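Undergrad: Grabbed the feature section from TrEMBL, which reads as follows:
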ACT_SITE  Cys24  active site, nucleophile
DOMAIN    24-243  domain 'Glutamine amidotransferase type-2'
REGION    478-500  region 'Disordered'
COMPBIAS  483-492  compositional bias 'Basic and acidic residues'
Amino acid sequence: MESPLNHPNDDRFDLDGDTLHEECGVFGILGHSDASTLTALGLHALQHRGQEAAGIVSFDGRQFYAEKRMGLVGDHYTDPALLAKLPGTMAMGHTRYSTTGEVALRNVQPLFAELGDGGIAIAHNGNFTNGLTLRRQIIATGAICQSTSDTEVVLHLVARSRHSSTTDRFIDAIRQMEGGYAMLAMTRTKLIAARDPIGIRPLVMGELDGKPIFCSETCALDMIGAKYIRDVENGEVVICETQPDGSISIEARKPARPTPERPCLFEYVYFARPDSVVSGRSVYGARKRMGMNLAKEAPVDADVVVPVPDGGTPAAIGYAQASGIPFELGIIRNHYVGRTFIEPTQSIRAFGVKLKHSANRAEIAGKRVVLIDDSIVRGTTSLKIVQMIRDAGATEVHIRVASPMIYHSDYYGIDTPDPEMLLANQHETLESMCKFIGADSLEFLSIDGLYEAVGGEKRNDQAPQFTDHYFTGDYPTQLTDLTGRDKNEPKKVSLLKEAG
Ligand SMILES: O=P(O)(O)OC[C@H]1O[C@H](OP(=O)(O)OP(=O)(O)O)[C@H](O)[C@@H]1O
Ligand SMILES: NC(=O)CC[C@H](N)C(=O)O
(Lines of atoms letter the chains of each structure in order from A; the text may use other names.)
(Lines give C-alpha, C1' and ligand atoms only; values in the text may rest on other atoms or scores of the structure.)
(Ligands and ions follow the chains in the order given, each with its own letter.)
Protein backbone atom coordinates (compact mmCIF):
# COMPACT_ATOMS: atom_id res chain seq x y z
CA MET A 1 0.00 0.00 0.00
CA GLU A 2 1.23 3.45 -0.69
CA SER A 3 1.30 5.29 2.59
CA PRO A 4 -1.24 8.09 2.49
CA LEU A 5 1.33 10.29 4.12
CA ASN A 6 3.77 9.90 1.27
CA HIS A 7 3.51 12.36 -1.51
CA PRO A 8 2.86 10.25 -4.58
CA ASN A 9 4.89 12.48 -6.82
CA ASP A 10 7.95 12.72 -4.64
CA ASP A 11 10.04 9.54 -4.60
CA ARG A 12 12.49 10.88 -2.08
CA PHE A 13 9.78 10.73 0.52
CA ASP A 14 8.19 7.46 -0.47
CA LEU A 15 9.34 5.92 2.78
CA ASP A 16 6.94 3.08 2.92
CA GLY A 17 5.98 -0.01 1.01
CA ASP A 18 2.81 -2.01 0.72
CA THR A 19 2.14 -2.52 4.39
CA LEU A 20 -0.63 -2.50 6.94
CA HIS A 21 0.03 -0.79 10.20
CA GLU A 22 -1.58 -0.34 13.55
CA GLU A 23 -0.70 1.13 16.92
CA CYS A 24 2.16 1.38 19.34
CA GLY A 25 2.52 1.08 23.09
CA VAL A 26 4.68 3.22 25.37
CA PHE A 27 5.84 2.68 28.95
CA GLY A 28 8.19 4.70 31.16
CA ILE A 29 9.22 4.73 34.83
CA LEU A 30 11.41 7.09 36.86
CA GLY A 31 13.37 6.42 40.05
CA HIS A 32 12.86 2.68 40.46
CA SER A 33 15.66 0.18 41.06
CA ASP A 34 13.98 -2.33 38.71
CA ALA A 35 13.24 0.22 35.99
CA SER A 36 14.14 -1.81 32.89
CA THR A 37 12.57 -5.07 34.15
CA LEU A 38 9.34 -3.24 34.99
CA THR A 39 9.44 -1.59 31.56
CA ALA A 40 9.82 -5.00 29.90
CA LEU A 41 6.82 -6.29 31.87
CA GLY A 42 4.80 -3.19 31.00
CA LEU A 43 5.64 -3.63 27.31
CA HIS A 44 4.58 -7.26 27.54
CA ALA A 45 1.12 -6.07 28.64
CA LEU A 46 1.10 -3.64 25.70
CA GLN A 47 2.16 -6.24 23.13
CA HIS A 48 -1.25 -6.13 21.42
CA ARG A 49 -0.51 -2.52 20.37
CA GLY A 50 2.51 -3.37 18.27
CA GLN A 51 4.11 -6.64 17.31
CA GLU A 52 6.80 -5.65 14.84
CA ALA A 53 9.49 -4.56 17.26
CA ALA A 54 10.24 -3.37 20.77
CA GLY A 55 12.90 -1.21 22.40
CA ILE A 56 13.98 -0.04 25.83
CA VAL A 57 16.26 2.85 26.80
CA SER A 58 17.60 3.29 30.35
CA PHE A 59 19.83 5.76 32.18
CA ASP A 60 22.00 4.90 35.19
CA GLY A 61 23.11 8.37 36.25
CA ARG A 62 26.13 8.32 33.94
CA GLN A 63 25.05 7.16 30.53
CA PHE A 64 22.11 6.02 28.41
CA TYR A 65 21.72 2.41 27.29
CA ALA A 66 19.51 1.24 24.44
CA GLU A 67 18.42 -2.21 23.30
CA LYS A 68 16.13 -2.63 20.30
CA ARG A 69 14.89 -5.82 18.74
CA MET A 70 12.61 -6.83 15.92
CA GLY A 71 9.79 -9.12 17.05
CA LEU A 72 7.86 -9.68 20.24
CA VAL A 73 8.72 -8.43 23.71
CA GLY A 74 8.67 -11.97 25.12
CA ASP A 75 11.12 -13.19 22.50
CA HIS A 76 13.86 -10.91 23.80
CA TYR A 77 13.18 -8.99 26.99
CA THR A 78 12.69 -12.06 29.17
CA ASP A 79 16.43 -12.69 28.96
CA PRO A 80 18.15 -11.50 32.17
CA ALA A 81 21.37 -10.95 30.23
CA LEU A 82 19.62 -8.48 27.94
CA LEU A 83 17.95 -6.66 30.83
CA ALA A 84 21.34 -6.47 32.57
CA LYS A 85 22.47 -4.31 29.63
CA LEU A 86 19.82 -1.76 30.64
CA PRO A 87 20.94 -0.60 34.11
CA GLY A 88 19.67 2.41 36.00
CA THR A 89 16.62 3.70 37.78
CA MET A 90 14.97 5.31 34.73
CA ALA A 91 13.73 3.41 31.73
CA MET A 92 11.32 3.86 28.89
CA GLY A 93 10.13 1.45 26.20
CA HIS A 94 8.03 1.08 23.08
CA THR A 95 6.25 -1.67 21.14
CA ARG A 96 6.03 -0.69 17.49
CA TYR A 97 3.63 -1.13 14.68
CA SER A 98 4.83 1.23 11.99
CA THR A 99 2.67 3.94 10.48
CA THR A 100 5.41 5.97 8.82
CA GLY A 101 8.78 4.49 7.92
CA GLU A 102 9.52 0.89 7.09
CA VAL A 103 9.79 -2.11 9.41
CA ALA A 104 13.50 -1.90 10.17
CA LEU A 105 15.72 -1.65 13.20
CA ARG A 106 16.60 1.97 12.49
CA ASN A 107 12.93 2.92 13.01
CA VAL A 108 12.48 0.95 16.23
CA GLN A 109 11.80 3.21 19.18
CA PRO A 110 12.69 4.77 21.56
CA LEU A 111 14.69 7.06 19.28
CA PHE A 112 17.68 8.72 20.89
CA ALA A 113 19.83 11.77 20.23
CA GLU A 114 22.77 13.46 21.93
CA LEU A 115 22.06 17.16 22.16
CA GLY A 116 24.15 20.04 23.46
CA ASP A 117 22.91 19.58 27.02
CA GLY A 118 22.76 15.77 27.12
CA GLY A 119 20.85 12.89 25.64
CA ILE A 120 17.15 12.61 25.01
CA ALA A 121 15.09 9.56 24.10
CA ILE A 122 11.54 9.67 22.77
CA ALA A 123 8.82 7.08 22.31
CA HIS A 124 5.68 7.81 20.33
CA ASN A 125 2.31 6.19 19.82
CA GLY A 126 0.46 7.93 17.04
CA ASN A 127 1.22 9.52 13.74
CA PHE A 128 2.05 13.07 12.73
CA THR A 129 0.00 14.39 9.85
CA ASN A 130 2.64 17.03 9.08
CA GLY A 131 5.66 14.82 9.80
CA LEU A 132 6.81 14.55 6.20
CA THR A 133 6.30 18.24 5.51
CA LEU A 134 8.51 19.13 8.48
CA ARG A 135 11.01 16.44 7.52
CA ARG A 136 11.41 18.03 4.10
CA GLN A 137 11.97 21.40 5.70
CA ILE A 138 14.64 20.21 8.11
CA ILE A 139 16.44 18.15 5.47
CA ALA A 140 16.45 21.21 3.22
CA THR A 141 18.30 23.07 5.96
CA GLY A 142 20.99 20.42 6.34
CA ALA A 143 19.63 17.87 8.82
CA ILE A 144 20.83 14.29 8.46
CA CYS A 145 18.01 11.91 9.32
CA GLN A 146 18.88 8.54 10.82
CA SER A 147 15.51 6.91 10.26
CA THR A 148 12.43 7.13 8.07
CA SER A 149 10.09 7.39 11.06
CA ASP A 150 7.85 10.44 11.48
CA THR A 151 8.85 10.46 15.16
CA GLU A 152 12.45 11.50 14.41
CA VAL A 153 11.31 14.97 13.41
CA VAL A 154 10.59 15.71 17.06
CA LEU A 155 14.25 15.11 17.98
CA HIS A 156 15.39 17.54 15.28
CA LEU A 157 12.92 20.16 16.44
CA VAL A 158 14.07 19.76 20.05
CA ALA A 159 17.68 20.18 18.88
CA ARG A 160 16.83 23.33 16.93
CA SER A 161 14.64 24.99 19.53
CA ARG A 162 15.96 28.23 20.95
CA HIS A 163 14.48 27.65 24.38
CA SER A 164 16.99 26.98 27.14
CA SER A 165 15.48 24.12 29.16
CA THR A 166 15.00 20.66 27.65
CA THR A 167 11.39 20.67 28.77
CA ASP A 168 10.69 23.94 26.97
CA ARG A 169 12.47 22.66 23.87
CA PHE A 170 10.44 19.48 23.90
CA ILE A 171 7.22 21.47 24.30
CA ASP A 172 8.32 23.82 21.53
CA ALA A 173 8.86 20.76 19.29
CA ILE A 174 5.55 19.04 19.92
CA ARG A 175 3.64 22.29 19.46
CA GLN A 176 4.77 22.19 15.85
CA MET A 177 3.41 18.69 15.35
CA GLU A 178 -0.07 17.90 14.05
CA GLY A 179 -1.88 14.63 14.37
CA GLY A 180 -2.20 12.08 17.13
CA TYR A 181 0.40 11.42 19.76
CA ALA A 182 0.95 9.95 23.16
CA MET A 183 4.66 10.59 23.71
CA LEU A 184 7.27 9.95 26.34
CA ALA A 185 10.63 11.69 26.50
CA MET A 186 13.51 10.82 28.81
CA THR A 187 16.50 12.98 29.67
CA ARG A 188 19.18 12.47 32.30
CA THR A 189 16.85 13.61 35.07
CA LYS A 190 13.37 13.75 33.58
CA LEU A 191 10.60 11.57 32.32
CA ILE A 192 8.14 13.66 30.32
CA ALA A 193 4.72 12.59 29.05
CA ALA A 194 2.67 14.45 26.44
CA ARG A 195 -0.66 13.90 24.74
CA ASP A 196 -1.97 15.58 21.59
CA PRO A 197 -4.37 18.53 21.94
CA ILE A 198 -7.54 16.45 21.49
CA GLY A 199 -6.25 13.29 23.13
CA ILE A 200 -6.64 10.94 20.18
CA ARG A 201 -4.21 8.39 21.56
CA PRO A 202 -4.43 7.22 25.19
CA LEU A 203 -1.83 7.79 27.92
CA VAL A 204 -2.16 7.19 31.65
CA MET A 205 -0.12 7.96 34.73
CA GLY A 206 0.43 5.50 37.55
CA GLU A 207 2.67 4.92 40.50
CA LEU A 208 4.64 2.02 41.95
CA ASP A 209 6.47 2.27 45.28
CA GLY A 210 5.98 6.04 45.05
CA LYS A 211 7.66 6.23 41.62
CA PRO A 212 5.85 7.70 38.61
CA ILE A 213 4.94 5.60 35.59
CA PHE A 214 3.39 6.57 32.24
CA CYS A 215 1.94 4.03 29.84
CA SER A 216 -0.52 3.66 26.98
CA GLU A 217 -3.09 1.58 28.84
CA THR A 218 -4.01 0.74 32.42
CA CYS A 219 -3.46 -2.99 31.73
CA ALA A 220 0.30 -2.28 31.88
CA LEU A 221 -0.11 -0.81 35.37
CA ASP A 222 -2.13 -3.84 36.49
CA MET A 223 0.56 -6.12 35.12
CA ILE A 224 3.18 -4.78 37.55
CA GLY A 225 0.87 -4.08 40.49
CA ALA A 226 1.09 -0.31 40.02
CA LYS A 227 -1.65 2.12 41.04
CA TYR A 228 -3.53 4.15 38.43
CA ILE A 229 -3.28 7.85 39.24
CA ARG A 230 -4.99 9.58 36.32
CA ASP A 231 -5.05 9.99 32.56
CA VAL A 232 -2.60 12.45 31.03
CA GLU A 233 -5.10 15.00 29.75
CA ASN A 234 -5.45 16.01 26.14
CA GLY A 235 -2.92 18.75 25.36
CA GLU A 236 -1.12 18.18 28.65
CA VAL A 237 2.60 17.75 29.31
CA VAL A 238 3.59 16.15 32.63
CA ILE A 239 7.20 16.51 33.70
CA CYS A 240 8.65 14.24 36.40
CA GLU A 241 12.16 15.16 37.53
CA THR A 242 14.64 13.61 39.93
CA GLN A 243 15.81 16.29 42.35
CA PRO A 244 19.31 16.48 43.87
CA ASP A 245 17.96 15.12 47.19
CA GLY A 246 16.55 12.05 45.36
CA SER A 247 12.92 13.16 45.55
CA ILE A 248 10.83 13.39 42.39
CA SER A 249 8.98 16.55 41.43
CA ILE A 250 5.91 16.42 39.19
CA GLU A 251 4.79 19.40 37.15
CA ALA A 252 1.83 19.51 34.75
CA ARG A 253 1.59 22.06 31.94
CA LYS A 254 -1.01 22.78 29.29
CA PRO A 255 0.86 24.46 26.44
CA ALA A 256 -1.87 23.83 23.87
CA ARG A 257 -4.99 25.94 23.46
CA PRO A 258 -7.72 24.22 25.53
CA THR A 259 -9.86 22.02 23.28
CA PRO A 260 -12.41 19.36 24.20
CA GLU A 261 -11.02 15.84 24.33
CA ARG A 262 -11.88 13.54 21.41
CA PRO A 263 -10.45 10.11 22.15
CA CYS A 264 -10.28 7.58 19.33
CA LEU A 265 -13.37 5.35 19.15
CA PHE A 266 -11.35 2.53 17.64
CA GLU A 267 -9.49 2.11 20.94
CA TYR A 268 -12.83 0.99 22.38
CA VAL A 269 -13.90 -1.01 19.34
CA TYR A 270 -10.73 -3.01 18.75
CA PHE A 271 -7.31 -1.82 19.88
CA ALA A 272 -7.25 -1.44 23.62
CA ARG A 273 -7.20 -4.51 25.81
CA PRO A 274 -10.64 -5.20 27.29
CA ASP A 275 -9.29 -5.02 30.85
CA SER A 276 -8.02 -1.46 30.26
CA VAL A 277 -9.83 1.70 31.28
CA VAL A 278 -9.48 4.33 28.54
CA SER A 279 -10.41 7.95 29.35
CA GLY A 280 -12.25 6.71 32.42
CA ARG A 281 -14.33 4.08 30.59
CA SER A 282 -13.94 0.33 30.87
CA VAL A 283 -13.17 -1.03 27.41
CA TYR A 284 -14.88 -4.32 28.26
CA GLY A 285 -18.02 -2.52 29.48
CA ALA A 286 -18.13 -0.38 26.33
CA ARG A 287 -17.79 -3.45 24.09
CA LYS A 288 -20.55 -5.28 25.95
CA ARG A 289 -22.84 -2.27 25.54
CA MET A 290 -21.99 -2.18 21.82
CA GLY A 291 -23.33 -5.74 21.65
CA MET A 292 -26.42 -4.84 23.65
CA ASN A 293 -27.19 -1.88 21.40
CA LEU A 294 -26.59 -4.05 18.37
CA ALA A 295 -29.16 -6.59 19.66
CA LYS A 296 -31.69 -3.74 19.94
CA GLU A 297 -30.88 -2.25 16.54
CA ALA A 298 -30.46 -5.48 14.58
CA PRO A 299 -32.33 -8.39 16.16
CA VAL A 300 -32.37 -11.78 14.47
CA ASP A 301 -34.09 -15.09 15.09
CA ALA A 302 -31.25 -17.45 15.92
CA ASP A 303 -30.38 -20.39 18.16
CA VAL A 304 -26.93 -19.36 19.24
CA VAL A 305 -24.76 -16.24 19.55
CA VAL A 306 -21.15 -16.96 18.57
CA PRO A 307 -18.31 -14.43 18.96
CA VAL A 308 -15.54 -14.08 16.41
CA PRO A 309 -12.71 -14.28 18.94
CA ASP A 310 -11.05 -12.41 20.47
CA GLY A 311 -12.28 -8.99 19.42
CA GLY A 312 -15.95 -9.94 19.10
CA THR A 313 -16.29 -11.72 22.46
CA PRO A 314 -17.42 -8.92 24.83
CA ALA A 315 -19.91 -7.60 22.24
CA ALA A 316 -21.27 -11.13 21.74
CA ILE A 317 -21.82 -11.46 25.50
CA GLY A 318 -23.75 -8.17 25.38
CA TYR A 319 -25.75 -9.29 22.35
CA ALA A 320 -26.64 -12.61 24.00
CA GLN A 321 -27.67 -10.93 27.25
CA ALA A 322 -29.85 -8.35 25.52
CA SER A 323 -31.44 -10.81 23.07
CA GLY A 324 -31.81 -13.79 25.39
CA ILE A 325 -30.19 -16.06 22.77
CA PRO A 326 -27.68 -18.50 24.29
CA PHE A 327 -23.99 -17.60 24.00
CA GLU A 328 -21.59 -20.35 22.94
CA LEU A 329 -17.96 -20.49 21.90
CA GLY A 330 -18.72 -21.78 18.42
CA ILE A 331 -15.33 -20.68 17.12
CA ILE A 332 -12.12 -21.62 18.86
CA ARG A 333 -9.14 -19.41 18.44
CA ASN A 334 -5.57 -20.60 18.25
CA HIS A 335 -3.72 -18.22 20.52
CA TYR A 336 -0.37 -18.84 18.94
CA VAL A 337 -1.33 -16.74 15.92
CA GLY A 338 -1.01 -12.95 16.09
CA ARG A 339 -3.67 -10.32 15.43
CA THR A 340 -4.57 -10.62 11.75
CA PHE A 341 -5.54 -7.00 11.38
CA ILE A 342 -1.99 -5.96 12.02
CA GLU A 343 0.02 -8.46 10.01
CA PRO A 344 2.16 -6.82 7.35
CA THR A 345 0.87 -8.10 4.03
CA GLN A 346 -2.48 -9.24 2.67
CA SER A 347 -1.14 -12.69 1.75
CA ILE A 348 0.16 -13.30 5.28
CA ARG A 349 -3.12 -11.96 6.66
CA ALA A 350 -5.19 -14.46 4.70
CA PHE A 351 -2.95 -17.27 5.86
CA GLY A 352 -3.17 -16.03 9.44
CA VAL A 353 -6.96 -15.99 9.42
CA LYS A 354 -7.04 -19.63 8.32
CA LEU A 355 -4.61 -20.65 11.00
CA LYS A 356 -6.38 -18.70 13.65
CA HIS A 357 -10.00 -19.82 13.88
CA SER A 358 -11.67 -23.21 13.80
CA ALA A 359 -15.32 -24.15 14.13
CA ASN A 360 -16.57 -25.89 17.26
CA ARG A 361 -18.94 -28.22 15.36
CA ALA A 362 -20.75 -29.53 18.43
CA GLU A 363 -22.15 -26.05 19.13
CA ILE A 364 -22.93 -25.10 15.54
CA ALA A 365 -24.28 -28.07 13.58
CA GLY A 366 -28.00 -27.78 12.83
CA LYS A 367 -28.25 -24.31 14.40
CA ARG A 368 -29.11 -20.81 13.23
CA VAL A 369 -25.96 -18.92 14.17
CA VAL A 370 -25.51 -15.21 14.74
CA LEU A 371 -21.83 -14.29 14.52
CA ILE A 372 -20.68 -11.17 16.35
CA ASP A 373 -17.48 -9.37 15.31
CA ASP A 374 -16.17 -6.03 16.48
CA SER A 375 -15.43 -4.66 13.02
CA ILE A 376 -15.16 -5.45 9.33
CA VAL A 377 -12.18 -3.86 7.61
CA ARG A 378 -11.34 -5.73 4.41
CA GLY A 379 -13.81 -8.56 4.99
CA THR A 380 -11.11 -11.25 5.01
CA THR A 381 -12.18 -12.65 8.37
CA SER A 382 -15.95 -12.61 7.70
CA LEU A 383 -15.61 -14.25 4.31
CA LYS A 384 -13.62 -17.13 5.71
CA ILE A 385 -15.59 -17.57 8.90
CA VAL A 386 -19.04 -17.66 7.30
CA GLN A 387 -17.89 -20.50 5.06
CA MET A 388 -16.30 -22.27 7.99
CA ILE A 389 -19.52 -22.05 10.04
CA ARG A 390 -21.60 -23.33 7.12
CA ASP A 391 -19.15 -26.20 6.60
CA ALA A 392 -19.63 -27.07 10.27
CA GLY A 393 -23.34 -27.60 9.64
CA ALA A 394 -25.03 -24.32 10.59
CA THR A 395 -28.45 -23.92 8.95
CA GLU A 396 -28.24 -20.12 8.85
CA VAL A 397 -25.35 -17.69 9.38
CA HIS A 398 -26.11 -14.07 10.32
CA ILE A 399 -23.40 -11.47 10.94
CA ARG A 400 -23.78 -8.58 13.36
CA VAL A 401 -20.91 -6.10 13.58
CA ALA A 402 -20.44 -4.06 16.77
CA SER A 403 -19.27 -0.90 14.96
CA PRO A 404 -20.36 1.03 11.85
CA MET A 405 -18.99 0.46 8.35
CA ILE A 406 -15.43 1.73 7.84
CA TYR A 407 -15.13 4.03 4.80
CA HIS A 408 -12.07 6.15 5.55
CA SER A 409 -8.37 5.70 6.30
CA ASP A 410 -6.75 6.70 9.55
CA TYR A 411 -3.74 9.04 9.77
CA TYR A 412 -3.32 9.15 13.55
CA GLY A 413 -1.50 5.94 14.40
CA ILE A 414 -3.81 3.18 13.20
CA ASP A 415 -3.30 1.84 9.78
CA THR A 416 -6.44 1.12 7.92
CA PRO A 417 -5.88 0.20 4.29
CA ASP A 418 -6.40 2.56 1.38
CA PRO A 419 -10.09 3.44 1.13
CA GLU A 420 -10.58 1.29 -1.96
CA MET A 421 -9.42 -1.78 0.00
CA LEU A 422 -12.11 -1.30 2.63
CA LEU A 423 -15.03 -3.67 2.14
CA ALA A 424 -17.55 -0.87 2.68
CA ASN A 425 -16.18 0.96 -0.35
CA GLN A 426 -16.34 -2.10 -2.58
CA HIS A 427 -20.10 -2.51 -2.39
CA GLU A 428 -22.89 -0.10 -3.19
CA THR A 429 -25.37 -1.75 -0.85
CA LEU A 430 -25.48 -3.76 2.34
CA GLU A 431 -27.17 -6.56 0.39
CA SER A 432 -24.27 -6.76 -2.04
CA MET A 433 -21.78 -6.88 0.83
CA CYS A 434 -23.80 -9.58 2.58
CA LYS A 435 -23.95 -11.63 -0.60
CA PHE A 436 -20.18 -11.29 -1.08
CA ILE A 437 -19.51 -12.54 2.44
CA GLY A 438 -22.01 -15.34 1.95
CA ALA A 439 -24.12 -14.61 5.04
CA ASP A 440 -27.90 -14.87 5.36
CA SER A 441 -28.00 -11.36 6.82
CA LEU A 442 -25.54 -8.64 7.76
CA GLU A 443 -26.02 -5.57 9.97
CA PHE A 444 -23.70 -2.96 11.52
CA LEU A 445 -24.09 -0.95 14.73
CA SER A 446 -25.10 2.67 14.03
CA ILE A 447 -22.76 5.52 14.90
CA ASP A 448 -25.20 6.68 17.60
CA GLY A 449 -25.39 3.14 18.95
CA LEU A 450 -21.60 3.13 19.23
CA TYR A 451 -21.45 6.60 20.83
CA GLU A 452 -24.07 5.58 23.39
CA ALA A 453 -22.19 2.38 24.20
CA VAL A 454 -18.92 4.24 24.80
CA GLY A 455 -19.94 7.66 26.07
CA GLY A 456 -23.56 7.28 27.16
CA GLU A 457 -24.99 9.71 24.63
CA LYS A 458 -25.55 10.08 20.89
CA ARG A 459 -23.04 11.75 18.60
CA ASN A 460 -23.14 15.53 18.83
CA ASP A 461 -22.67 16.40 15.16
CA GLN A 462 -21.72 20.02 16.00
CA ALA A 463 -19.01 18.94 18.46
CA PRO A 464 -18.37 15.20 18.23
CA GLN A 465 -17.26 13.71 21.54
CA PHE A 466 -14.91 11.18 19.92
CA THR A 467 -12.51 10.85 17.01
CA ASP A 468 -14.48 8.82 14.46
CA HIS A 469 -13.25 9.73 10.93
CA TYR A 470 -12.93 6.07 9.82
CA PHE A 471 -16.73 5.88 10.06
CA THR A 472 -17.73 9.47 9.25
CA GLY A 473 -14.91 11.12 7.28
CA ASP A 474 -14.73 13.83 9.96
CA TYR A 475 -10.97 14.25 10.42
CA PRO A 476 -10.34 16.20 13.64
CA THR A 477 -7.04 17.80 12.58
CA GLN A 478 -5.49 19.07 9.42
CA LEU A 479 -3.86 16.49 7.15
CA THR A 480 -1.00 18.64 6.00
CA ASP A 481 1.13 15.87 4.44
CA LEU A 482 -1.84 14.58 2.52
CA THR A 483 -3.14 17.90 1.28
CA GLY A 484 0.07 19.88 0.97
CA ARG A 485 -1.35 22.62 3.18
CA ASP A 486 0.60 23.83 6.12
CA LYS A 487 -0.86 24.62 9.46
CA ASN A 488 -1.22 28.35 8.89
CA GLU A 489 -3.61 27.76 6.05
CA PRO A 490 -7.37 27.56 6.51
CA LYS A 491 -8.92 24.94 8.72
CA LYS A 492 -9.49 21.32 8.47
CA VAL A 493 -10.02 19.43 5.24
CA SER A 494 -12.41 16.70 4.33
CA LEU A 495 -11.27 15.22 1.05
CA LEU A 496 -12.69 11.77 1.28
CA LYS A 497 -16.22 10.83 0.35
CA GLU A 498 -18.89 11.11 3.01
CA ALA A 499 -19.93 7.98 4.86
CA GLY A 500 -23.51 6.99 4.35
O1 LIG B 1 -12.35 -7.47 7.89
P2 LIG B 1 -10.95 -7.85 8.20
O3 LIG B 1 -9.98 -7.16 7.29
O4 LIG B 1 -10.73 -9.32 8.27
O5 LIG B 1 -10.58 -7.23 9.62
C6 LIG B 1 -11.46 -7.29 10.70
C7 LIG B 1 -11.08 -8.37 11.65
O8 LIG B 1 -9.77 -8.11 12.18
C9 LIG B 1 -9.83 -8.07 13.59
O10 LIG B 1 -9.54 -9.30 14.14
P11 LIG B 1 -8.06 -9.77 14.45
O12 LIG B 1 -7.97 -11.15 13.97
O13 LIG B 1 -7.08 -8.79 13.98
O14 LIG B 1 -7.88 -9.61 16.01
P15 LIG B 1 -8.57 -10.22 17.31
O16 LIG B 1 -8.21 -11.65 17.37
O17 LIG B 1 -7.97 -9.42 18.38
O18 LIG B 1 -10.06 -10.01 17.18
C19 LIG B 1 -11.26 -7.73 13.91
O20 LIG B 1 -11.62 -8.20 15.21
C21 LIG B 1 -12.03 -8.44 12.82
O22 LIG B 1 -12.30 -9.79 13.14
N1 LIG C 1 1.55 2.96 15.42
C2 LIG C 1 2.26 3.91 15.95
O3 LIG C 1 1.88 4.54 16.94
C4 LIG C 1 3.52 4.23 15.19
C5 LIG C 1 4.40 5.32 15.75
C6 LIG C 1 5.26 5.97 14.68
N7 LIG C 1 4.44 6.79 13.81
C8 LIG C 1 6.02 4.92 13.89
O9 LIG C 1 5.66 4.61 12.78
O10 LIG C 1 6.96 4.40 14.42
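Yeah, the Cβs are placed from backbone N, Cα and C, and that goes for glycine too.
What's the neighbourhood like for these features in this structure?
TA: Residues within less than 8 Å, Cβ to Cβ, of Cys24 (active site, nucleophile) and separated from it by at least 6 positions along the same chain comprise Arg49, Gly50, His94, Thr95, Arg96, Tyr97, Gln109, Ala123, His124, Asn125, Gly126, Ser216, Gly413.
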Undergrad: In the three-state scheme derived from DSSP, which category covers Cys24 (active site, nucleophile)?
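TA: The residue in question, Cys24 (active site, nucleophile), is coil (DSSP, three-state).
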Undergrad: Averaged over the whole of the domain 'Glutamine amidotransferase type-2' (24-243), what is the pLDDT?
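TA: Taking every residue in the domain 'Glutamine amidotransferase type-2' (24-243) and averaging pLDDT yields 96.
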